């Protein structure tokens, strides 16, 4: 292993996150000002998406949980908070997701927003601290664009990332606990699709069975508690979500999937699905091979969390809060074993692109998400399957600052 003088040295790694953090903070204040002017509401900081959670909670608490699957009725619930609201997003969550949102409408909107976001952020930080430690790592996380996108949207990216990350950290030593976390992740089933592939690759049957039982149990309890109409509404809205995805009824500029990349380029729906399936199959094979043949847990985990975004066509920018964990795992492995050419640039691109992909898509009609995600997965796969790191370069002797917690 040889040493090099890379542009991303420790001094810049210390300064750059603070600059970006200041920029995000100013942008956040701007969002507060815009929300206040646009809706006439004092104190609503962010969370245009969060109002959907609050509205669904209100309907459930008043005995009408099934009405969340009706856009016009959901909009009326949201207008209790923002009377001038004129649009809403389709509610395509399973009955089990009500266990997450049900208490929210017991609080005023602003209090509910901060309670939800800070509590899920706390879980997200706990998982991150189990991956890496040190002040520089925390500054990098604080300035990670995926964190800020989720915070400003008022979405569930912190929650799903924490569940997925906690599951991966527990697979080896606490298989049943890992299964519980995976089962809970089924509140967004499309984000849990690769876990069975990984668990089958290593023969983790206890984890797999626990995950299946947990997911089915919570789905059944949610349906029994709220009524079968909720389950019917969920399946019906999945079909509507597919149609909106195919025809541009959803905001493609916010969706970093291969399918959306192709649709933005004008590719017909059938061909877009075919190519997306081909890429997704490659991602599945990559995860299988990494989990089957690589003993490095950091690389296993990074492969699964990255590939998730190449499998489902229905992913959003706020889901990219997940990427903090694979970036951290890959950084630890790179500092420990050296870097191959271009790898640090890939990590920087992954760190930045959640906030850049919307303006780029608006400017040039190209969704950069799949490009960055494929690069990140390829980097992970190459490190996992490379028998020797000959030719790799070391940054310096600061690797201990990013070591995993025992």
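In case you wondered, yes, glycine gets a Cβ from its N, Cα and C as well.
As stated in TrEMBL, the feature transmembrane segment covers range 208-235 out of the listed 68-95, 208-235.
The stretch in 106-127, 176-201, 303-331 that contributes the largest number of Cβ pairs under 8 Å to the transmembrane segment (208-235) is 176-201.
Stretch with the largest number of CB pairs closer than 8 A to the transmembrane segment (351-379), among 106-127, 139-170, 176-201, 271-291: 139-170. Within the same chain, residues 43-47, 50-51, 53-54, 57, 61, 81, 141, 147, 151, 154, 156, 158-159, 161-162, 165-166, 169, 321, 324-325 sit at least 6 positions outside the transmembrane segment (106-127) and bring their C-beta atoms closer than 8 Å to a C-beta of that stretch. Below 8 angstroms of C-beta separation, residues 194, 197-198, 201-202, 257-259, 262-263, 299-300, 303-304, 307, 310-313, 370, 374, 377, 380-381, 384-385 of the same chain, each at least six residues beyond the ends of the transmembrane segment (271-291), sit close to that stretch.
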